[in-house]
Amino acid sequence: MLFKEEHISEETLSAEKNIKEGKKNTFFADVILPVPVEGRFTYRIPAELSEKVQEGARVVVNFGKRRVLTGIVMRVHQEAPQNRQAKYILELLDEQPLVNASQLRFWEWIADYYMCYLGEVMNVALPSGLKLSSLSKVQFNPSFVALQAQYQIPLSAKEQILIDNLVGDNALTFEQIANLLNVKNVYPIIKSLLFKEAIIVFEELKEKYKPKIVKKIRLTKHYLIDIDKLTELLDALALQKRNFSKQQDVILKYLAEIPADAPIATHQQGLPKSAFVKVGISESSLHALIKKGVFEEFEEIVSRFEEYDTLPLKSITLTDYQQEIVSQIEKSFQEKQTVLLHGITGSGKTEMYIDLINKTLDRGQQVLFLLPEIALTTQIVSRLKKVFGAKLGVYHSRFSDNERVEIWKGVWENRFPIVAGVRSSIFLPFNNLGLIIVDEEHDPSYKQYDPAPRYNARDTALILAHIHQAKVLLGSATPSLESYYQAQQGKYGFIKADKRFGDAQLPEIQLVNMSIERKQKTLKYNFSSLMLQAIEENVQKKEQTILFQNRRGFAPHLTCQECSWIPTCINCAVSLTFHLASNELRCHYCGYRESPPASCLNCGSTKIKTVGFGTEKIEDELKLIYPEIVVQRMDLDTTRSKYSYQTIIDDFANQSIDVLVGTQMVTKGLDFDHVSLVGIFDIDRLIHFPDFRSHERTFQLLTQVSGRAGRKDKKGIVLIQTAKPQHPLLQRVISHDYEGFYQDEIAEREKHFYPPFSRVINITVKADEQSLSIEAATELTQKLKAVLGEGRVLGPVPALIEKIRNQYLQNVMIKLERDKINLKAVKQLIKEQTIGLTSNRRYKTLHIVPDVDPM
DNA sequence: AGCACGCCGACT
DNA sequence: GTCGGCGTGCTC
């Protein structure tokens, strides 16, 4: 059992009543299981558990013949399922619910809105440490020896090998057996041996979560009541020569940590064994004293997050301006559930958030602070830590399962009234949320793309807040078109903070005309002369530079100069990216790798060159041009290990790096005091990306990166290399004109009936063969047009990457009016049509994946 | 999604 | 003849 909170549901009460009245009732539980199957599954509650099973508790059940799964009880009732026998619940894992009633409502809403199964929601919502893993294991059947002697049952060679390996209580998992026998499918062998009664199959359940345990030692009672005895012992040890000096060391170390005159309570807390081992004392000398009855060993469950608890807390002071903004937000909250804060970079949004968080906590309510994935490892969290200390729980994908379970527990017990987390932290067991902050609300990482549920944490936060009657603050320097539109329509409150903290100036953004530089041949590799000059001057001034190129690797393609052949991925319809450091070609979609070819595989020519450039090439070229400059790259490839990201950031912050070259990673949540130049490459590709949001993305990205330049008194400079400096979007960027950009873009969206004017549902048809995917998608489109109306259905079109992991993808887009449309009914129609399609024999095997509000 | 069952080809 | 391929159907 994980949690102690008292919770008695009505069902439990009525069960107790029934028992008192001597009624015999059979109870059933509707259980959510982590499987992509429609509906809930009804299990019978064994009599001995009938009082204990509560809604929201985890149970272990059999599902199908083999499988053992962890499920969540949704409802307890007495309605026996009609046309089938309910299986029994095997085990109850929580005496108190793990998931509360508002969470279950929330899960149902998500499954409904995003067109997925409840089990899929359960899968993302629960940290996997809370799910049991079931392992089928195989054991030798001892009575087989007698059977074998009597009937001489024949065994195949493989069966014999397996039996030989099982003797002597050696249970094996199915996977181990597969490896041992070198077969893919172990079931036939298992089945045959089961039939011959040679083996027994059993399920081993494992609770994955393990509390962190520290082994400690403390004085035994004998010494505790009279600590002077310890000094006596020390003297006695001193008299005896031989090896007792080691034991003296132990006692001395103990007294150094906990002086003899320390309070008894301190002595009782003891010392971790590791404290002794650290100073070179061996375990054996410790054990000698344990044997003597001086110390005793004990274990203590500790938090994995203890380290922060001891830091002194800081408080913050708002400037008058920030104070003013905060009161505007509060005033707006009186009328609106949701408020959009358009705060330019450097306006001190974090301080304002902190103030609002404090006020919510003072009211005894919880706060959820959502951040995009990468921003979470950065300064903003350490600032929050300094203010909120042990009250702050951080929920991040780099955390281990065990750590996530501890956050979950902490939220449940309200030890963490404030949580800063990534999108999946909306699933933590809050019971009294007062405020949700969605920072950088425009960030696409709030949307989960794969697997289902394809939810958007920003949008679902509004639902979560509604359930808790809480407020939502959306914050961004570059709000999404959707949110800004809602604010304009008066659906959201709207506050603008356009003064930078300490009156710091906005950076000066300049466009570098690459067409001209190319004509005049003033380019050096991918660097314009202006860019190089700026970098050089900046380094001389001992200032730092960030270079942004939104593409990792060295070059996005290789190509043969003779025949234009391009190496492509064997599983996906993309070219392979060349990585110099590892000297290999890699697919960024499926992870496939191969060595770069020495010669063209098409014509045999050895004239192979790279096309395009990524962060690795920028880094490489810059080092060639200026060998004395310290350049560091920050992208997915250099930040794979747990701490590498932090290391790079620390190195940059303490100025041991001059130039940081990176992808999106350098644009988010980073604040450095000495960056006065930002250089941006290859932006034209982004502007012309075939997606209706490409302009919005580009504007947001450029504004975000630019915000990294200049602090306080220093005005920063941003250089953007482009072949089209006259592009209206870039003009809006250089004049820091979000309003203007919004007006341009919203007009486009209205003209083409894109969100926020319409609602989009994208349907991807996946098949193993191209022709099949096209055929099925075409048929689906026709069916949908018939029920939804011609104009609302577009496509099918091949996905941007037509083949990924050997699956061919076709997209059908559905555009719906915002009002006067029954969304539920539309989704029902879509479901019916997809079911109708897959009932056709030809299309049985293909996958049809709906994505509501795609990004 | 798993996993079982069942019906086909290519091997000891 | 059997092993093991994957198409089909079901899971309370």
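Note: Cβ is positioned from N, Cα and C throughout, glycine not excepted.
Here is what TrEMBL records for this protein:
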- A:Cys560, A:Cys563, A:Cys600, A:Cys603: Zn(2+) 1 binding site (BINDING)
- A:Cys569, A:Cys572, A:Cys587, A:Cys590: Zn(2+) 2 binding site (BINDING)
- A:330-497: domain 'Helicase ATP-binding' (DOMAIN)
- A:584-754: domain 'Helicase C-terminal' (DOMAIN)
Query = Where does A:Cys560 (Zn(2+) 1 binding site) sit by DSSP, helix, strand or coil?
reply = strand
Remark   = Spacing of the two Cα atoms, A:Cys600 (Zn(2+) 1 binding site) and A:Cys587 (Zn(2+) 2 binding site), in whole angstrom, works out to 18
Inquiry  = Quick check: with A:Cys560, A:Cys563, A:Cys600, A:Cys603 left out, which same-chain residues have Cβ atoms within 8 Å of the centroid of the Zn(2+) 1 site Cβ atoms?
reply    = A:Gln561, A:Glu562, A:Ser564, A:Trp565, A:Leu601, A:Asn602, A:Gly604, A:Ser605, A:Lys607
Query = So what sits near A:Cys563 (Zn(2+) 1 binding site) in its own chain, CB-to-CB under 8 Å and at least six residues off in sequence?
reply = A:Cys600, A:Asn602, A:Cys603, A:Ser605
Key: Protein Cβ atoms within 10 Å of A:Cys590 (Zn(2+) 2 binding site), excluding its own   = 16
Task = Quick one: pull the CA-CA distance for A:Cys590 (Zn(2+) 2 binding site) versus A:Cys560 (Zn(2+) 1 binding site), whole Å only.
result = 24
Cβ-based neighbourhood (8 Å from the centroid) of the Zn(2+) 2 site, residues A:Cys569, A:Cys572, A:Cys587, A:Cys590 excluded = A:Ile570, A:Asn571, A:Val574, A:Leu576, A:His588, A:Tyr589, A:Gly591, A:Tyr592, A:Ile804, A:Arg805
Note = Model confidence for the domain 'Helicase ATP-binding' (A:330-497), as mean pLDDT, reads 93
Message = Sequence gap of 6 or more, Cβ distance under 8 Å: name the residues on the same chain that satisfy this around A:Cys587 (Zn(2+) 2 binding site), in order along the sequence.
response = A:Cys569, A:Asn571, A:Cys572, A:Val574, A:Leu576, A:Thr577, A:Arg593
Ask   = If you count the C-beta atoms lying within 10 Å of each candidate's C-beta, which of the binding-site residues A:Cys569, A:Cys603 ends up with the smallest number?
value = A:Cys603
Set of same-chain residues at least 6 away whose C-beta sits under 8 angstroms from A:Cys560 (Zn(2+) 1 binding site) = A:Ile566, A:Cys600, A:Asn602, A:Cys603, A:Ser605, A:Lys607, A:Ile608
Inquiry  = In the three-state scheme derived from DSSP, which category covers A:Cys587 (Zn(2+) 2 binding site)?
reply    = coil
Remark   = A:Cys569 (Zn(2+) 2 binding site) falls, by three-state DSSP, under coil
